[in-house]
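Okay, so here's the structure we're looking at.
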Amino acid sequence: MINVAVLGACGRMGSLIVENVINSKDMQLVAAFDISYFGRDAGEFARVGKLGVQISDVKNLETVLKESKADVLIDFTAAGATVVNAPIAARAGVNLIIGTTGLTPEQRAVIDEAIQEGQVSAVISPNYSVGVNVFFKIIREAAKYLADYDIEIIEAHHNQKKDAPSGTALRAADIISEAVGGREYVYGREGIAPRGKEIGIHGVRAGDITGDHIVLFAGNSERIEIKHIAHSRQIFAKGAVRAAEWVCRQKPGIYSMDDVLGL
């Protein structure tokens, strides 16, 4: 049985992750953290009834992780929180699933160093949906044959998402850029200027959109659109739980969803 701890357990993603953890026959929830609602049952927020696991103050992360004997910590919070909490967990010997987006290169370096020092296993991905990771594979292949086409990425999310562009859009841009030998990124368009070899990246924040991503390859007289639409956050929670089961069987190191899915 895998002992799982969840950060941000009272939030939209965290509560879905709790729900999926308790529905797994190979996992049990042993700790749940947030910045408020201390002492309340984690099952209350996941709407699954009482679980006997109270919400703990994230300030007590290291102590609770050790006392609960957590094997893996799942973190879908915010960049400023993850850069503090992930190193604490790694140095406590707890494996990590990180779905936080908006990490700067400097923050990512801090996290990577802590994982290496702690000799734990971690999956770090901007998107845990199986479909999105297949989408990544498809656009990589398409870009190899369409390097002379104009390439644009359009993403849309709900109006509460703080970071823009999305981590998924940035990962898509990196995949395409690597496939075509490098391109400059342009975020939105404004003014009058010549265009070079670039990838345009455009973000929309509106309503309750779960997550839409479109990659547009446009040539003369034709265009190809490759699209992924998320209808529910459940796909991210299910993918994170799948990754947590997988990572606990791996040697220490930093992995991606490509590794989890064998893509």
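Yeah, the Cβs are placed from backbone N, Cα and C, and that goes for glycine too.
Around the Cβ of Asn127 (NAD(+) binding site), the number of neighbouring Cβ atoms within 10 Å comes to 26. Taken from Swiss-Prot, the feature NAD(+) binding site covers Gly8, Ala9, Cys10, Gly11, Arg12, Met13, Asp34, Gly99, Thr100, Thr101, Ser125, Pro126, Asn127, Tyr128.
Long-range Cβ proximity for His157 (active site, proton donor/acceptor), meaning a same-chain Cβ under 8 A and a gap of 6 or more residues, is found for Ser166, Gly203, Val204, Arg205, Ile209, Thr210, Gly211, Asp212. As annotated by Swiss-Prot, active site, proton donor/acceptor applies to His157.
Spatially close to His158 ((S)-2,3,4,5-tetrahydrodipicolinate binding site) yet at least six residues away along the chain are Arg205, Ala206, Gly207, Asp208, Ile209, Thr210, judged by Cβ distances under 8 angstroms. The (S)-2,3,4,5-tetrahydrodipicolinate binding site annotation in Swiss-Prot covers His158, Gly167, Thr168 and rests on sequence analysis.
Per Swiss-Prot, active site, proton donor is recorded for Lys161, and the stated evidence type is sequence analysis. Long-range Cβ neighbours of Lys161 (active site, proton donor) (same chain, at least 6 residues apart, Cβ-Cβ under 8 Å): Arg205.
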Neighbour-count leader, CB within 10 A, binding-site residues: Gly8, Gly167: Gly8
Local backbone state of Lys161 (active site, proton donor), from DSSP in three classes: coil
Between Gly167 ((S)-2,3,4,5-tetrahydrodipicolinate binding site) and Ser125 (NAD(+) binding site): CA-CA distance (Å): 9
